[in-house]
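For reference, the structure discussed in these notes is given below.
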There are 4 protein chains.
Amino acid sequence: MEPIPVAILGATGVVGQRFVQLLDGHPWFRVTTLCASDRSVGKTYREGCRWLLDTPMPAWASTMILQPTTAEAVNEPIAFSALPAEVALEVEPQLAQKGCVVCSNASAHRMEEDVPLLLPEVNAEHVELIHWQRGRRGWRGAIVTNPNCTSTGMTVVLKALDRVFGVKRAIAVSMQALSGAGYPGVASLEIVDNVIPFIRGEEEKVAWEPRKMLGTLQNGQVVLHPIVISAQTNRVAVLDGHMVCLTVECESRPTLEETIHVLETYTVPEFIADLPSTPRPPILVRLEEDRPQPRLDRMSGRGMSTVVGRIRADEVLDLKMVILSHNTIRGAAGASIYNAELIVRAGWLA
Amino acid sequence: MEPIPVAILGATGVVGQRFVQLLDGHPWFRVTTLCASDRSVGKTYREGCRWLLDTPMPAWASTMILQPTTAEAVNEPIAFSALPAEVALEVEPQLAQKGCVVCSNASAHRMEEDVPLLLPEVNAEHVELIHWQRGRRGWRGAIVTNPNCTSTGMTVVLKALDRVFGVKRAIAVSMQALSGAGYPGVASLEIVDNVIPFIRGEEEKVAWEPRKMLGTLQNGQVVLHPIVISAQTNRVAVLDGHMVCLTVECESRPTLEETIHVLETYTVPEFIADLPSTPRPPILVRLEEDRPQPRLDRMSGRGMSTVVGRIRADEVLDLKMVILSHNTIRGAAGASIYNAELIVRAGWLA
Amino acid sequence: MEPIPVAILGATGVVGQRFVQLLDGHPWFRVTTLCASDRSVGKTYREGCRWLLDTPMPAWASTMILQPTTAEAVNEPIAFSALPAEVALEVEPQLAQKGCVVCSNASAHRMEEDVPLLLPEVNAEHVELIHWQRGRRGWRGAIVTNPNCTSTGMTVVLKALDRVFGVKRAIAVSMQALSGAGYPGVASLEIVDNVIPFIRGEEEKVAWEPRKMLGTLQNGQVVLHPIVISAQTNRVAVLDGHMVCLTVECESRPTLEETIHVLETYTVPEFIADLPSTPRPPILVRLEEDRPQPRLDRMSGRGMSTVVGRIRADEVLDLKMVILSHNTIRGAAGASIYNAELIVRAGWLA
Amino acid sequence: MEPIPVAILGATGVVGQRFVQLLDGHPWFRVTTLCASDRSVGKTYREGCRWLLDTPMPAWASTMILQPTTAEAVNEPIAFSALPAEVALEVEPQLAQKGCVVCSNASAHRMEEDVPLLLPEVNAEHVELIHWQRGRRGWRGAIVTNPNCTSTGMTVVLKALDRVFGVKRAIAVSMQALSGAGYPGVASLEIVDNVIPFIRGEEEKVAWEPRKMLGTLQNGQVVLHPIVISAQTNRVAVLDGHMVCLTVECESRPTLEETIHVLETYTVPEFIADLPSTPRPPILVRLEEDRPQPRLDRMSGRGMSTVVGRIRADEVLDLKMVILSHNTIRGAAGASIYNAELIVRAGWLA
């Protein structure tokens, strides 16, 4: 198979860098355009990007010239977007209009009813919304979004539980990594010897996004799942890896053994089981008393697995547990790439 | 008033050092004995103690000779105990037997039915258990305990809410400071760029201790409060200050205004309102969107106030909020000293 | 004595906040004007300032209205400046012109030959430069600067050594705190699990400033001290407190005992020995094998003492040692205040 | 080629874990014995080891049964030792006696005159000391040591400079990672918001070991290089990667261009240029103003390259620069493995 050319929008930021890193050597995709904001356009990627990852910047990327963030600059069939919401709002539809499938990490279009909020392990069938999106908007391309980095791991777990036990209510308290705030993001003076119990806009997303992803597709519309979620989100001094302490109420109270079994045996649909980014396993259950931990477990399944531990019966609701997922891989760049792979496999490229 | 001589048991540890720091210049108490474990006995405090506080070791303490942790070594009417549970189990009753009132931070005797688990803002009247304790055990002294450092702040808040709205169920997720694990405690290799979602024995204490403190004293017995509490406890890279994300269900759902009002106007009983360690205010409500934060707020009320912020209606239960208290002051050494002041005021010294 | 009204320029930044904190309750000075940059003018200090210190914002400051950073806004006889260099370059001379003595932490005027670079323990007599400055510039006020935060501690030590042994060459390697970079300053993503071996412009200052401070005043000019200094400056994950590993060559090689004696007995001139900010002691020698440490020792002498430890003979030059001083107190706000006290004492107010 | 069976002594510690990680999939060696201290003997590696690396414990290791640290337990031709010095002192000679080549990270035998202190990039020819060692001691095996983790990177650089310019004196100030202290090692309470300016025994090693490695082999003896080195060693809150700020005096003062050229073109001897662990490149010169940084650069050359940056002329001596190497890979486990590869290549296996 000929590699598919792809563009990265917002290529110099924390998530943009992850796109570059994860697409280095990708078996299906080859990056042919890197877009950045005005102050970096015309520079090489090496000059325009403050690279913060601990693997070296790929040589092919370092000499690429940064392009403007416009529809004209992108002629690839797939664009990965790490744009700020307000820029995404404008540029992503223009790209979809001209035939590009935009796999977007931006929050701008997640709530629109004909835009898939896609997590292949959870709602691969929602990719069908592209059909309705194209019909309604007259686009040849499409916009497909992935969820907020904190929603990601808990939605995978909620889905696994929901299929068997039905989920009714959940309380999520997060401890989130610094990379989730981008660069420069959180000032060091604010986080050394500290915790910040507030992340703007985050709790609303964590409460709503899982309902769309767990929802059912009916006649081109997603019927939201009735689960009620309460979120408290906190920033801690961790580089990568969002942890969520989750407490869940189910329709029928499962035993611990049932819960562990259901999570460990959770699989993705057959037709996407062999995509390059499919997490192996989708859910990794750790039985030690003190796992998962961000530094030790965030790279499980090359950063794509959802890691669950400390599964216990809960005294107030039914179950409690700790969930970890890598926020800039499974929760951002890896998510968009995985979505793109699903789209290619399902034949939705323009 | 003549200063009352006091002893400190476990004087070289993290909590022992706080006792020394907080008792430096205390208006009622003067430290006359410092006890330590065998390997330090006979050394000066300066030699035997790896001082980790950012104020200098008081000069009077530095030259005191460390005594063995035995009943014979302590002849003061009050002893403050920062002993490990297994040592406390043996030595504290011997001291109580010989007439000493032991104000203990150890968990060893907290669950015994005739031992007060005392938080003056919450259950000052439980000090009366000393009467029954003496009667039953034939002691001239007493053992009075303070709660676990994580239980402390949330119990103050639960009490304030319970008085007005009745509390039924609560879910507590903590982010706890390193000093709570003592010294050497948590290895740096385990906590830099990391969170540890497990603290041995902690969740059980957080679930049970508030029930005793919120309970009512009837005929020399504490009837446990029926509240059901679920706890998830985590260790984060913070030096001092335990945070709890608390979600509460009440008998009657309060509005935010009512909640804030109830917390802000919460007072301690009149007869202990002017003790040297009485927190001013007992509960400090912060209305900013991103407070409390451990580094910025842990010293509120000289480390004795309970700081509450982010008070919101909860989608699953009734209320959610973030609670901070200084774990080695309000949650440990300061708590024992405050209890001792209450005991002196109430006339329970032998 | 009537309190002297003072203004603070750059009042909302990291150093500005230290000015507010240190001037709270100052026996000689009362803050009557707070100036800030345009986007904060007209707000209260509480609204315009992201307070990052662990003591509460003083009540008197919180309700003050932020004024523009102009000569018109300041009518006090003393202004403390925490301005960026480029703003200081313009505004500070205007204030001096109109009669204000500007005690400045900015680097803008440090190198000018008639501007004192003043460290009272080191070169109190340089305050006389004000006479020549006024004569030459026709000012009624003055500009007096304090050195860079990293230069400060090592210059105090070099002075003590120079008086007795003569200093010829020095190699300084620093490990500097985050607060030295201001707010937002260093991004957390850059410093967690990391060291940054570069601070823009810092090494040049560290190499040059001590030469001026150690220099002698002759006919209204400072003759630079001939010492040659090499600096390597690094940023580490510490909130406050700059450490310097210093290696020194002297005219005559001192013994360790002589060195310790000279440092421990170093005193400030009699006429400033009782200023409110005079460090007690000026130099604190620690003899333990592992001190000074930033977290434990930075507040020595209320943050104004220079702490020296690990004094050893050096195999290449003559002596090596570790020096710590609090970068935003002794190295910034406290330095300017101390200078102002000296100026008042010496009778240089307009 | 048949894989060579190897044993790991001290397999459960921080360096032992690196041995297991680096030997996973090694093209020449296969681990057949893991030895640990008494309290872990008989357990599986999974049970006996608190694995702290961010890649999973290899499956083959996890089920191996831990053996006692005795000569009897090891029958492999090569043993890698991560033993504490006092245990190494006893066991390593017994192993060498019975024919095992011990590649040791322990400091116990480094100073013995017939024991190679080996860094293949620097003194590959010192491996010949094995001949004299065997003759003198009657051993069939051998003990070969690698240097202290802080000495490693600076010795590589000093060697490159010495070959061309001659090195006379050097001042080294280190900022060292937590993993260098092992586990539990540095307490988190001591290093969060702090620097510790002392590491026991470290400065002596850093001052002496390079002299042996840079020395010349004459008649079965190493004549120490006459360089004089002064060291100041500090612990900082970094997980892995030791940084050294080095100032050097040369016989002839090189220009910056010459220095960069000499470092960049430094090569290892031909006969070891293709060993599995040979660093590519041996020295990586970074020309950015703010590199190397531990988190970003420690994995250069798969953790085996020495990274040098900020090369400048020095005002006091001749050159200054910042050197980084990965302390548990290039400075410990990787070093021993590289040495073993050299020994195999040179035909010194018993």
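Cβ coordinates are placed from backbone N, Cα and C, and glycine is handled just like the others.
Please treat TrEMBL annotations as automatic predictions, because they have not gone through curation.
Residues or ranges marked as domain 'Semialdehyde dehydrogenase NAD-binding' by TrEMBL: B:5-130. Secondary structure of the domain 'Semialdehyde dehydrogenase NAD-binding' (B:5-130) per DSSP (helix as H, G, I; strand as E, B; remaining residues coil): 45 helix, 26 strand, 55 coil.
Around B:C149 (active site, acyl-thioester intermediate), a 10 Å sphere centred on its CB holds 28 further CB atoms from the protein chains shown. Per TrEMBL, active site, acyl-thioester intermediate is recorded for B:C149.
If you look up TrEMBL, you'll see B:H242 marked as active site, proton acceptor. Sequence-distant neighbours of B:H242 (active site, proton acceptor): residues of the same chain at least 6 apart with a C-beta under 8 Å from its C-beta are B:C149, B:T150, B:G153, B:S174, B:M175, B:Q176, B:A177, B:G180, B:P294, B:L324, B:S325, B:H326, B:N327, B:G331. In this structure, B:H242 (active site, proton acceptor) is part of a beta strand by DSSP.
As a whole-number mean, the pLDDT of the domain 'Semialdehyde dehydrogenase NAD-binding' (B:5-130) in this prediction is 97.
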